[in-house]
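Database features, via TrEMBL:
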- 28-47: region 'Disordered' (REGION)
- 30-43: compositional bias 'Low complexity' (COMPBIAS)
- 73-77, 83-85, 155-158, 247-248, 271-273: NAD(+) binding site (BINDING)
- H175: active site, proton acceptor (ACT_SITE)
- C183, C186, C207, C210: Zn(2+) binding site (BINDING)
Amino acid sequence: KWGEKLDGKKYYNLKPFSPLFFRKGKSYQSSSPSTKPILSSPSGSSVPRGALETIGRLMKLGRVRNIVVVAGAGISTGSGIPDFRTPGTGLYANLAKYDIPYPEAIFNIDYFSDNPHPFFSLAKELYPGHHRPNYVHYFIRMLHQKGLLLRMYTQNIDGLEKLCGIPDDKLVEAHGSFATAACHLCYTPYPAEEAKQAIMKGNVPICTFCAGAVKPNVVFFGEDLPEKYFQHAEDFPKADLLMIMGTSLKIEPFASLVNTVKSTVPRLLLNRDPVGPFERRPLRRADYMELGDLSDSVRKLAEILGWHTEIQDLMNSHENGLRSYTDPSNSSDFF
Ligand code: OAD
């Protein structure tokens with residue numbers, strides 16, 4: 001059942017929607033920097049700083065060495081991939097053609113068991129290969145190159161983190177990926193490329209062992225998260241900065257991860273709207289948020305850190321290499 005802990009394993013649980021309290025395009029911090037000795041200026045004066053300036057300063061001072069990034073679909077909208085819940089443009093607002101009882105049914109394992117066709121139609125559009133990583137992905141890769149990334153936990157199944165060069169051991173794809181496939185009933189592995197070919201032709205790949213429908217190993221509602229996800233129990237207590245980017249924090253158990261860093265650890269939310277614990281007042285003392293477009297906020301932070309040109313160079317050289325891998329004629333054709 002939703003949200004229950006069973007045999008030590010956690011299951012999905014959709015949280016109810018909460019109202020928003022904050023205006024967009026603004027930088028917030030939980031209290032004046034003057035109340036936080038670590039953040040006061042060298043002269044001792046209490047100059048109020050925005051969230052990005054404060055976090056950038058901590059990073060430049062070398063006070064941050066183990067950053068955990070928590071990300072969702074909002075980091076990929078800059079690559080032309082819609083998120084899930086933005087009214088009007090989100091995936092869940094554009095599923096009418098699939099004739100499903102409610103939007104999340106398309107990723108529900110019981111619904112899939114009855115009728116795999118809606119998911120397979122959508123999967124044709126979701127399969128990685130059509131889109132390129134954007135500046136936000138490369139910023140996260142730069143965190144890694146600077147030796148600051150402890151781990152990135154992503155809910156995304158678009159594969160853009162891997163594509164931009166974030167190595168496997170730094171990445172937890174908490175909601176799985178298209179890289180492997182298996183039977184949804186008996187979990188017998190199935191060659192991922194063969195599954196893709198069948199789905200692209202409009203066929204249902206069938207398990208050779210039990211004749212169940214095979215699906216890519218993206219995690220559906222009602223399924224367990226991958227083993228690797230549970231590494232969070234070690235990672236989050238070690239974090240000295242949490243960056244939360246482009247997620248509504250509506251899906252458990254992922255959403256609650258952000259509450260498992262120590263209470264003194266700064267949490268920076270980069271998103272259009274406040275989400276999860278950032279919707280509540282008062283914020284935690286070490287909570288910071290920059291509301292607005294993620295690419296703009298990340299670029300501002302990169303400029304504060306003096307990384308902007310380096311990220312652009314990295315992006316240009318890596319993108320040139322990727323150009324042969326992807327097919328530009330297929331890009332941005334979701335709806
Ligand atoms: P959502 O669509 O729920 O949330 C995306 C968040 O990113 C929203 O708060 C948007 O406002 C924000 N956002 C989008 N574009 C942005 C931009 N350019 N700049 C700033 N903010 C932006 O997506 P997720 O939180 O990733 O699970 O959704 C979580 C899970 O729900 C998904 O992994 C998926 C879905 O059901 C499964 O399918 C199992």
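In case you wondered, yes, glycine gets a Cβ from its N, Cα and C as well.
What TrEMBL says about a protein is an automatic prediction, not a curated fact.
Annotated features, which come from TrEMBL, shown on the structure.
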| residue | record | DSSP (3 states) |
| --- | --- | --- |
| A73 | NAD(+) binding site | helix |
| F84 | NAD(+) binding site | coil |
| N156 | NAD(+) binding site | coil |
| H175 | active site, proton acceptor | coil |
| C183 | Zn(2+) binding site | strand |
| C207 | Zn(2+) binding site | coil |
| T247 | NAD(+) binding site | coil |
| R272 | NAD(+) binding site | coil |
Sparsest-packed of the listed recorded positions (H175, R272) - C-beta count within 10 angstroms: R272
Closest of S76, N156, H175, R272 to C207 (Zn(2+) binding site), Cα positions, recorded positions only: H175
C207 (Zn(2+) binding site) CB neighbourhood, other CB atoms within 10 A: 19
Of the recorded positions listed as H175, C183, C186, C210, the one whose CA lies nearest the CA of T247 (NAD(+) binding site): H175
Beyond the site residues C183, C186, C207, C210: chain residues whose C-beta lies within 8 Å of the centroid, for Zn(2+): A182, H184, L185, Y187, T188, T208, F209, A211, G212, V214
Contacting binding-site residues for ligand 1, chosen from S76, C183, C186, C207, C210 when the Cβ sits under 6 angstroms of any of its atoms: none
Candidates A73, S76, N156 (binding-site residues) - the one closest to C210 (Zn(2+) binding site) by CA: N156
List of residues, in chain order, with Cβ under 8 A from that of C183 (Zn(2+) binding site) and at least 6 apart: Y190, C207, F209, C210, G212, A213, V214
C-beta crowding around S76 (NAD(+) binding site), within 10 angstroms: 26
Fewest-neighbour residue among binding-site residues, criterion Cβ within 10 Å, set N156, T247: N156
Other CB atoms within 10 A, centred on C186 (Zn(2+) binding site): 11
Which listed residue (A73, C210) has most other Cβ within 10 Å, given these are binding-site residues: A73
